[in-house]
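Just below is one structure, and these are the notes that go with it.
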Amino acid sequence: MFAKASVVSFITLSMLACASPLQPQQARGPIALPKRSTLTKSDGTFDLDKAIAQTIATSNKHRQNLINLQNNTGSLPQGFEIKPLASLPTKIQDNLNKRQAEALTDEDDEGWAGTVSIGTPGQKFLVDFDTGSSDLWIPSSSCTSTTCSQKSKYDSSSSSTSSKESGTFSIQYGDGSTVSGPVFSDNVTVAGIQVSKQTFSSVTTLSSTFASDPIDGILGLAFPAISNLKADPFFVTANSQGAVNSNEFGFYLASSKSELYLGGSDSNLYSGSIEYHDVDTSSGFWQITGASIASGSTTAVSNFDTIIDSGTTIMYGPPSAVKEFYAHVSGAKLYDSTNGFYSFPCDSAPEVSFSWGGDSFTVSSDNFNLGSTSSGASTCVGALAAQDLGLGDSTWLLGDSWMKNVYTVFSFAKTAVGFAKLS
């Protein structure tokens with residue numbers, strides 16, 4: 001039997017995807033990807049405006065997830081709270097708008113995008129793969145937003161397998177705009193793995209938040225409980241239809257040659273065994289318990305939950321817990337009290353590590369350092385920020401600044417998240 005596993009690789013300027021044994025073998029060459037910007041400017045300084053915009057986007061994403069969870073299950077886990085919609089200050093939005101036309105020179109390190117095909121014949125879209133959400137959406141050919149002008153757009157009338165479904169999809173963003181549209185089902189293919197009748201939204205309004213972003217949409221990889229569409233996410237569908245041999249997928253995130261492995265894990269990218277930790281599925285997130293964080297050899301905070309979210313750039317924790325962590329970092333100071341960013345001496349980055357009761361996994365100084373506070377400054381900004389995201393006082397959100405240090409396996413089969421040290 002052929003192994004039903006596929007790889008989506010994200011290289012700085014290209015993506016390579018395996019052909020699947022479920023379909024006739026098709027050669028796929030490199031697909032050019034635009035460079036993506038980071039939270040560090042080209043001069044090595046911290047991009048505060050962009051960091052604030054991303055924090056607000058993260059806050060509103062998980063606000064919507066909690067709304068979805070409450071609508072789908074009738075309740076929220078203890079301590080969870082739906083916060084008011086966070087708004088992006090006009091001044092920061094204006095600053096970012098002025099920079100949208102500038103050439104990007106930073107490394108491809110902010111989002112993890114690859115190509116999916118929807119419909120028959122296939123229509124191609126560049127999407128972010130997000131373990132912190134559960135829905136698939138892409139722009140519609142009927143989209144009326146200016147933001148859609150440079151995006152690939154789904155034309156349901158051009159697909160022989162498209163079906164209009166009941167209901168609508170809608171997410172609100174901090175600038176007051178929305179991503180919204182009707183619901184469809186169609187064939188969806190990712191890295192050669194094809195599923196039929198996948199539910200998704202073909203959005204007719206697209207938030208200006210995505211104007212400078214090369215992606216067309218998002219493909220969520222979390223649990224059905226937080227689906228706005230009240231539908232199974234793509235990978236859940238793939239497993240239920242027998243399109244993958246193993247009900248799990250692996251992430252390797254780096255500045256180049258990043259990879260999403262669908263239907264298993266890529267043993268070439270990690271060493272030793274994978275350490276698994278059970279997921280609390282009541283939240284709909286990839287949420288694991290019993291975490292601790294250390295600065296050097298000293299445990300700063302312990303016994304908290306962590307949500308592993310590939311769609312979030314940095315790491316966030318409850319304000320009191322993050323304050324306690326930085327109290328163990330020599331020379332650390334609160335840099336931006338409004339948005340929860342801390343600074344530390346650039347020449348003595350903290351030795352940060354996380355543990356869930358087994359191995360200790362280190363966050364490299366490069367991944368923890370978001371850049372200097374100003375040009376020529378001796379202080380730098382840390383990739384752990386203090387934010388109340390409505391996830392309770394004992395839940396942290398670990399994004400790409402964490403995931404770039406380990407190989408991560410998201411296992412529906414084990415209802416667990418696994419970490420392994422990089423090879």
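In case you wondered, yes, glycine gets a Cβ from its N, Cα and C as well.
Feature annotation from TrEMBL assigns signal peptide to 1-19.
Annotated domain 'Peptidase A1' per TrEMBL: 112-420, in sequence order.
Annotation source TrEMBL lists active site at ASP130 (among others). Of all Cβ atoms in the protein chains displayed, 22 besides its own lie within 10 Å of the Cβ of ASP130 (active site).
Around CYS148 (disulfide bond), the C-beta neighbours below 8 angstroms that are at least 6 residues distant in the chain are PRO139, SER140, LEU206. Sequence annotations record features per position, and here TrEMBL assigns disulfide bond to CYS143-CYS148.
Annotation comment: TrEMBL describes 148-167 as region 'Disordered'.
Other C-beta atoms found within 10 angstroms of the C-beta of ASP309 (active site) number 28, with every protein chain shown included. For ASP309 (among others), the entry in TrEMBL reads active site.
Outside the region 'Disordered' (148-167), and at least 6 residues removed from its termini, the chain residues within Cβ reach (under 8 Å) are 118-121, 123-126, 138-141, 182-187, 196-197, 199, 202, 206, 210, 216, 229-230. CYS143 (disulfide bond) sits 23 Å from ASP130 (active site), counting Cα to Cα. Each residue contributes its Cα atom, and for ASP130 (active site) and ASP309 (active site) these two points are 7 Å apart.
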